[in-house]
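Heads up, the thing below is written out as structure tokens.
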């Protein structure tokens, strides 16, 4: 099992947990929670594959994604108090998930000869659209539009990944450097309360 | 005209009515009502076909779907009081629609060699995503996430359908047995107020 | 550069501005504004291309769309007061955008041998779905479902376009006649406060 595949499954697992926690917040039932966890985990990658015309979409041809999501939802139901206390750990895995999803999206786009700038947008879509759909279904304005330099971290990481790729850095090294850069960037912005300007009327 | 095609059109018709009634509830205009009815009726099947890479999507290659939806929307506008009084009949057709959409989704997925577990998810998507999109557009948290064992009925029915299919039961018999099972299951749950557990913080 | 391509880019630019203004209204940050502007501008065409199975979607194979959207978002941030005062001009360009998007959608559908009635629906989707997604993301009921004969203008314009096309009118003449018809129709309805009936319980 390759490193990126393992990280992809970890990211999927963590995204399923985050979706299930959102559902709990809205008092959804077990099905609503499973569905929200599922959409959060596969939404970004599915939309990316649809836009790229890359069929069948990832989770249709590999049952492991569904398995990992199911485990994430069940774990959240069984151990919700413990999970709530693991906020720091969850945050770390969430950031890893974002980083890995960004890079998987870029890699898929590049392999289909998409322009690098659009490849970064595809990476961003992979990383954030699951959460955007989750928030829209739960009747919230997507979190990512309002708080934190979450998306900028993906874009910066994606740029770095592309630059190192064109410099022929070893793919696994590049993956680790980029994901660590995304984590550090995100922590740094949170620590110093950096945020993007807001457009006001 | 095959039985399943006829039931598909009936399901589409009933879903168009349910979408139009939602729109009326939100005081949308005639176009909003038509659009909501249309999306409710074709949303689930369209999303299924997109995910499966099954082009062109069903309603693009067969004008009857659009015709049936238009009739459903107009009927709701003209006879809304009568339709409101037909709640039991509507509920019955709605459940038939769900059952048929579930099975059509499973059949399409199986014919594309999708894993049976994912085929059931495709059946579920066909049956419920139209309503999910309807509720999201109308700014509600999807009904299916909060109330009633609606989705579980699809999953149970889908499982039964697959088992009977692998036992080489006649397709039409299988269709009727499965849809009746879904109806009975749903009515049973409503009668005895069975619902799924809710995850609370 | 053909006339329709130039108008397509203008429409994309104006839609990006309208999305960014919606975002400002909801106090979204720079990323949220960019994302909303982007989705508003490409949402309709992307959904159309997905449904038609027309890959890759338009903005993936032509970087100019992204460029024009970026300019629209930045212009809105820099000159928001001036833009707010240009409401009449914006309204005019918005209507041009709608008209052009309708006709591009119809042309694409016809070129794929879609039935003319469904081609008009594809034209409508191209013109309005960006705004529908924008409003849904911003947690509003889509504007187009409640106010103004915006969608009817697309349908009327689309019908006229198809009739003139079958009468072998020169494409550029047809484009201008249709877009002007859509603008006049829309202005006429707003001037005389014409609106569609609302379905009430």
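Cβ coordinates come from backbone N, Cα and C, glycine included.
What TrEMBL annotates here:
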- B:6-80: domain 'Glycine transporter' (DOMAIN)
- B:92-165: domain 'Glycine transporter' (DOMAIN)
- B:6-24: transmembrane segment (TRANSMEM)
- B:31-51: transmembrane segment (TRANSMEM)
- B:57-79: transmembrane segment (TRANSMEM)
- B:117-137: transmembrane segment (TRANSMEM)
- B:149-167: transmembrane segment (TRANSMEM)
- B:173-192: transmembrane segment (TRANSMEM)
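In the predicted model, residues of the domain 'Glycine transporter' (B:6-80) average a pLDDT of 89. Sorting the domain 'Glycine transporter' (B:92-165) by DSSP state (H, G, I as helix; E, B as strand; all else coil) yields 61 helix, 0 strand, 13 coil. Sequence-distant neighbours of the transmembrane segment (B:117-137) (same chain, 6+ residues past either end, Cβ-Cβ under 8 Å): 15, 18-19, 22, 36, 39-45, 47-48, 51-52, 97-99, 101-106, 108-110, 143-144, 150-151, 154-155, 158-159, 161-162. With helix defined as DSSP H, G or I and strand as E or B, the domain 'Glycine transporter' (B:6-80) counts 62 helix, 1 strand, 12 coil.
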